[in-house]
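Undergrad: Please find one structure pasted underneath; my questions will follow.
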């Protein structure tokens, strides 16, 4: 073998799938699997079997193409170590940097409000149905839970970051185990309700409207956009110098594809298992009760008549506890992102970007008061969680995940090679449909 052949062979070996690629695949997958997936089965199963089958077809393309578009935007910056804010500033100037800062903050903050409502409802449901205690005042419960989380965050943030990282895989394993454990309770109700003669494409409960609203919950549930920038920077630093940017882009796409497959497999299996255990009518009831599907499952098993099996009793309590842990995990993770974003906005507009004018402790205190105060108000008001996701959470995520990369591809010279592709049309349509949910909710 010649020297040149040895070099090529060595480079091929080094550029093949690495342990770090597996780590990032699992990291992207773990980031997406949080409390948001506990609402996906409700919206997906709301319209019955046919809409959820259509969502199954759309799930992987939405997850893969949208995140790949955002990764391509992050890859387009001249600095391999530059994050998404720096890349957007490079393409669109300081105004673009301000816009991306606002988008990141407003993409995460409404999620905290959603989780504030969810943790309150889940705890109250567990308190009343599983523990059998008298109902508590909603405002008191929300305040107590938020103060508890604020105390933990203030005095044990580093510990919580470690705990959250350890909780990711037990939570995913719990979802899979619950999905498998529900199989003995599957029934044919959702299949029996399929009447091809009475199916409607349009109308309030038509297939198209159900799938349209389902797209927004998929954008919300299949979302690991907060970690994409860090992921791309890591891969650029690892691969770009030796193998070039095109190779790095293909490697990132490969990792995103595998993470999306894992994510869709776990979430869709969980959704189908819930739907075959319950029914579309049960999903509608869960939406009306404003609780995640695990809490509804716990109440479902609690209300079973006759002698309960050990499995049914275990599912009754395990479902609620897993839901509570999942929401706590997601709340802490999104709180840290919201805190960082709000600190940046306060520093930029309140102190003209001068870090010497205010201490980090003061910034954290101001931000915490606003974040926890606004979350308590929303939790006390108890708006419908799915409506919040469809009208606020998902559209803002879509503007960041779908429309910003598509605009950059159209305007930025370094992204010109991606213009005119069919997948760009798909990503743009998904982004616009998700944002148009706001109009649908208003009218």
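Every residue, even glycine, has its Cβ placed from backbone N, Cα and C.
Per Swiss-Prot, the feature transmembrane segment maps to 22-42, 44-64, 97-117, 140-160, 163-183, 207-227, 261-281, 312-332, 366-386, 389-409, 423-443.
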Undergrad: Do the transmembrane segment (366-386) and the transmembrane segment (97-117) come together with 3 or more C-beta pairs under 8 Å, pairs six or more apart in sequence?
TA: yes
Undergrad: Could you name the stretch, out of 44-64, 140-160, 163-183, 207-227, with the greatest number of CB pairs under 8 A to the transmembrane segment (312-332)?
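TA: By the under-8 Å Cβ criterion, the transmembrane segment (312-332) pairs most with 163-183.
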Undergrad: Based on Cβ pairs under 8 Å, which of the stretches 22-42, 44-64, 140-160, 389-409 lies most in contact with the transmembrane segment (207-227)?
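TA: Stretch with maximum Cβ contacts: 44-64.
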Undergrad: Compare 22-42, 44-64, 140-160, 163-183, 389-409 by their Cβ pairs under 8 Å to the transmembrane segment (97-117) and return the stretch that comes out on top.
TA: 389-409
Undergrad: Excluding the flanking five residues on each side, which residues at least 6 beyond the ends of the transmembrane segment (389-409) place their CB within less than 8 Å of a CB in that stretch?
TA: 36, 39, 66-67, 69-70, 72-73, 76, 88, 91, 100, 103-104, 106-107, 110-111, 113-114, 213, 216-217, 219-220, 223, 225, 415-416, 418-419, 424, 427-428, 430-432, 434-435, 437-438, 441
Undergrad: Under an 8 Å Cβ to Cβ limit, what residues of the same chain, 6 or more beyond the ends of the transmembrane segment (22-42), are close to it?
TA: 63, 67, 111, 115, 118, 168-169, 171-172, 175, 217-218, 220-224, 226-228, 231, 234-235, 255-256, 258-259, 262-263, 266-267, 270-271, 274-275, 283, 286-287, 292-294, 296, 323, 326-327, 329-331, 333, 385-386, 389
Undergrad: The transmembrane segment (44-64): which same-chain residues, six or more beyond its ends, come within Cβ distance under 8 Å?
TA: 32, 190-191, 193-194, 199, 205, 207, 210-211, 214-215, 217-219, 222, 256-257, 260-261, 263-264, 267-268, 271-272, 274-275, 278, 280, 283-284, 287, 426, 430
